[in-house]
């Protein structure tokens, strides 16, 4: 994994690791997902953590988080196989897009981006100017909004690259 990908992954991990102890607890994961508007059932969350938690401590550390990322990237990366992984990838991308597209109009606006970033406690999105710059970095057609295609391209190129 490239250094910039490792740094990006570390930033994402730290967003979920609210107390900064180097482990994402079930509570931290629940809280982060709820802030994104993605409530998860306890059983589903427990199963997810059990799949990720290689050392069995009930939490997700940076190594386990990295392993999960690498596994997802191998599945997403294409390379043959049936269409199943692509369908899951598309559905996951749509679900993530819908978190940001709060009014459901098919676009992520400056205000919507700001609201989601604020709910996550991300400082870089505190002003409309910051959010406008972030959107400008991925807005291919120049309409001042991010559509689903632009969102997918951004996610495949590095989901949090605009937060630097």
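Even glycines carry a Cβ here, placed using N, Cα and C.
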Requested in this report: May I ask you to find which of 90, 112 Swiss-Prot records for the Ca(2+) 3 site already listed with 101, 103, 105?
Outcome: 112
Requested in this report: Indicate whether residue 28 (Ca(2+) 1 binding site) is helix, strand or coil by DSSP.
Outcome: helix
Query raised in the report: Among 101, 141, 150, all listed as binding-site residues, which has the most CB atoms within 10 Å of its CB?
Result: 101
Report summary line: Filtered by Cβ under 8 Å and at least 6 apart in sequence, the residues in the chain of residue 53 (Ca(2+) 2 binding site) near it are 59, 60, 64
Requested in this report: Tell me the Cβ contacts of residue 112 (Ca(2+) 3 binding site) under 8 Å, same chain only and six or more apart in sequence, or just say none.
Outcome: 100, 101, 102, 103
